[in-house]
Each structure stands twice: as C-alpha cells, then as structure tokens.
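**Q** This is the structure, below, for whatever I ask next.
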Amino acid sequence: MGADIGFIGLAVMGENLVLNIERNGFSVAVFNRTTTVVDRFLAGRAHGKRITGAHSIAELVSLLARPRKIMLMVKAGSAVDAVIDQILPLLEKGDLVIDGGNSHYQDTIRRMHALEAAGIHFIGTGVSGGEEGALRGPSLMPGGSAQAWPLVSPIFCAIAAKADDGTPCCDWVGSDGAGHYVKMIHNGIEYGDMQIIAEGYWFMKHALGMSYEHMHHTFTRWNTGRLHSYLIEITAAILAHQDTDGTPLLEKILDAAGQKGTGRWTCVAALEEGSPLTLITESVMARSLSAQKQARCKAHRVFGSPVKVSKAETLSAQQREELVSALEDALYCAKIVSYAQGFELLSHTAKRRGWTLDFSRIASLWRGGCIIRSGFLSKISAAFAQQHDLENLVLAPFFAEELKRACPGWRTIVAESVRQALPVPALSAALAWFDGFTGAALPANLLQAQRDYFGAHTYERTDAPRGEFFHTNWTGTGGDTIAGTYSI
C-alpha cells in the first residue's frame, strides 16, 4: 500500500511538517531537489519512522496511494510552477497538488484553473506558525478545489494546532485563491501587531525612561490581560534576554528591519480594492524607513534631536504608571483597528471575487499555532458569529464599548509621542483612521470641488439624492462638459 501523502521540499518547515504528519499516524513519501538532503533526513530525524525517501519526482509519485496527494513546500514564485510542470505528466485525474508556500493568491487562482483543466485538484494553503508551529501544530488556511478538501482534511485537521477548546486551527476557507488570500491578510495583521508593539517599547524606553527589567515586567503583566498574545509573550522574553556580556541583547541589534514581501502584497491588495488599510500600510513603510539606516543617520546629523530634554526625567512614579496604563489602551485600540481594517479588506475582496467566507471561523483558525495567536481572537470570532453581516469590527457592540473606554489613553500616547518627536506611525495612522471612520463629515467636499474645478469630474450635493451628479463652471470660461478619460 502506498504512502498517504507525498512531500516535495525538505527545508526546515518541510521537514517539520513531514514529522508532524507522521507523528499523527500518516505515512509520508518525501523528495528534495538536492537528493542528499533526502538521505540525510532519512538517516537522521526521520530514522525509524513511516517516512520513505525518493530520489526523483517519478519515484515519489510511484510511492503514493491513489488518489495521490502531493504537498509542495518550495519557494514561492517560479519554483512552484517548475515543480508543477514536472509533476503534472505523472498524475491522473482526481489526484491532488497542494501548495503550502507563501504564494500570491493570484498565482494560486491561475494554477488551480490550469490543473483543474487537466482533471487535477489544486489547493493553496496558508501555513502559519513558523518552524515550531510546523512541527507542533500550525494554523492552516486551505482554499482551492472544494472537491479536494475531503481528500486531505483528515491529515490537515490532525496536524493543525488546537485551540483551547480543542477545535483544530484548520478549516476549509473558500474557493480558488481564498486560502492564500486569508494567509496574506494574516501576514499583514502580523506586520501591524509587531509595529504597534515596537512603538510601545520605544515609548516606554524614551518617553518614560523605563529600564529593560521594568519593560520586561510590564509586557509580562500585559500578557496576562487583554493584550495576551504570542507576540507580547516573546517581546517580554526578548526584553529580558542578555548578551554574553550581561547587557541587554536588544541594544546591540541593528534597527533596520527586514521583510519578505507578503506585507507589501497586502498593501497593494488594499489599494486595488480601495480599502483603507492605513495601520498595516504604515507598518510596512516603517520597516522600509528603518532599512534606510545610513540616510537616517545622515539626516540626524543635519537636524539633531528636536526634543532636547526628555519628559521622563520629570515624571513621578504615579505619572509614569498612568502613562503605562494609557499605553496599554493605545496598543489595544490600535490592535482592534488593525483587525478591523484587515477583515474589511477581506470582505471587499470576497464580494468582488464571489468567495463565501466565514469570518468567525477564519478568526478562530488564528487562535492557536500561528504568530498572531491571542485570546483577543475569540472576541473577534464571537463578534462575527453574532452578526454575520457586520460592516466593520469596530461597530460590534463589544469592540465599540472597548474603544469608547480606551480611546482617551490612545490619544494621550499619540499626542505625547508627537510632543517628544517619537515616531509612532502605526498608532497615529490607526487613530487618524478611527477619527475619519467615526466622522460624519470629512474635508472630502473640498477635494471634490477641486477635482471638478480642474477636471470637470462632477460632485454630489448634500441637498440632492445620492447618485445625482453636478458640475460647476467655476471660472466662467469653462464649459458644461464633464470629465471623460482624464481623472485624478
């Protein structure tokens, strides 16, 4: 009898997923382009387990039970297409190919249609949780050929992380590229979460003058409350970690952040949908700005520090604790906004593409295994379960009340950061979005007047029904013709 599933790609994530699958009672056949990697894996971590090695893709396919299921964990992009091109002639109708890499959702849509035309099922699945999650239980977000889900769901649900209530952090997301799109949104939210935490740390250090030990204890305390999450937990651990000389290691880590591109994909998707993803976009741009280390140092030599004396030196213990409490409010509010914007983008795309998505279930998939896992997600899941047509997360009764209560502290932190020249792009962008979203009137009326003035783009009037458009001859020398192809 053949192996339950085949696996191509034995980097650390691939190896760990294979071991996870085998540990949960399934047999696996594996292949890697560099075949010595297969031999090393079989002689080492896979020794004595129900894992069989192959030295060619043809051999791998021959080792599998029908219908054959092959999961790819290779670098996103052309490498995925190259492997699919090699596999396709060896497969039969009804077989299944699964892409578990960080592929762009539009590539997943293209691949699914191409393989379905040949009678082959295709699933693109988001895998979150890093190396440890792959081994112990990741969050899985599969989408693609719906008929294929029963073929792989027993394996996926077995290896996935389990939430506190025992529910697998895995479920069918939706058709064509929905799985990878949801993973992209997850990654964008991850960028946002990380940035607001970094801004909180920076405020503690520079506005409040807190020691690393004090910051460590504060984040540890926060992790027992409403900010409880994996990222808060590891931040507390990072702040306590010392270098070999006994000083905080964080002091020696260069402030130039890297990124792999999935955050940018989320921002581009938001621009394409016209969805205001301000917090996540600023979080991506903050990394880009940080990477300009040499230019920033040059600018610092030119402009110096705008604030000569830190307020931290004059704070009483009570004032410092009040600001720490306000900072907790700020991080909490911004976190709500990050998810609100992420799910709004998801909603816009789902409507355009005809995806039927269960936002409550999607939020629950992230409760365990993944990088953004937190207790907070149960509240989001409940909000969407109670109101399936919820227009925006901030309008859910629970989150609306939380924002009303915590908003004053949020404003305090953003205002104090501006006064002390501390950049908080994510916290401030989130607040600006919140004020705009909750504002019944905005200055966009002037924008429309300007557009009509120079381009005859027309405008709607407050004293006329929506959908009725007007044009004004602003200078007396124009005309009554409205804009055609020219627009801005």
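Positions of Cβ are set from backbone N, Cα and C atoms, glycine also.
Per Swiss-Prot, the feature active site, proton acceptor maps to Lys183; the stated evidence is similarity to another entry. Residues or ranges marked as active site, proton donor by Swiss-Prot: Glu190. Summarising the annotation, Swiss-Prot assigns NADP(+) binding site to Gly9, Leu10, Ala11, Val12, Met13, Gly14, Asn32, Arg33, Thr34, Val74, Lys75, Ala76, Asn102 and lists similarity to another entry as the type of evidence. Taken from Swiss-Prot, the feature substrate binding site applies to Asn102, Ser128, Gly129, Gly130, His186, Asn187, Tyr191, Lys260, Arg287, Arg451, His457, supported by similarity to another entry.
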**Q** Once near-sequence residues are set aside, which residues in the chain of Arg287 (substrate binding site), 6 or more away, have Cβ atoms under 8 Å from its Cβ?
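**A** Correct list: Tyr191, Gln195, Ala257, Gly258, Gln259, Gly263.
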**Q** Quick one: what's DSSP say for Glu190 (active site, proton donor), helix, strand or coil?
**A** helix
**Q** Distance check, please: Cα of Ala11 (NADP(+) binding site) against Cα of His457 (substrate binding site), rounded to an integer number of angstrom.
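**A** Distance (Cα to Cα, whole Å): 54 Å.
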**Q** Checking the contact step here: among the recorded positions Lys183, His186, Glu190, His457, which have a Cα within 10 Å of the Cα of Asn102 (NADP(+) binding site)?
**A** Lys183
**Q** Please give the maximum pairwise Cα distance, in Å and rounded to a whole number, for the NADP(+)-binding set Gly9, Leu10, Ala11, Val12, Met13, Gly14, Asn32, Arg33, Thr34, Val74, Lys75, Ala76, Asn102.
**A** 21
**Q** Roughly how many Å separate the Cα of Gly9 (NADP(+) binding site) from that of Gly129 (substrate binding site), to the nearest whole number?
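**A** Rounded to a whole number, the Cα-Cα distance is 18 Å.
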**Q** Of Ala11, Met13, the binding-site residues given in the record, which has the fewest other CB atoms within 10 A of its CB?
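**A** Per-residue Cβ counts within 10 Å for the binding-site residues Ala11, Met13 bottom out at Ala11.
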**Q** What is the Cβ neighbour count of Lys75 (NADP(+) binding site) at a 10 Å cut-off, with all protein chains included?
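**A** Taking every protein chain into account, the count is 14.
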**Q** Do you know offhand how many angstrom separate Glu190 (active site, proton donor) and Thr34 (NADP(+) binding site) by C-alpha?
**A** 33
**Q** Tell me the Cα distance separating Lys75 (NADP(+) binding site) from the residue listed as 'active site, proton acceptor', rounded to the nearest angstrom.
**A** 16
**Q** Given the substrate binding site residues Asn102, Ser128, Gly129, Gly130, His186, Asn187, Tyr191, Lys260, Arg287, Arg451, His457 in the record, what is the largest Cα to Cα distance, rounded to whole Å?
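**A** Largest pairwise Cα separation, rounded: 49 Å.
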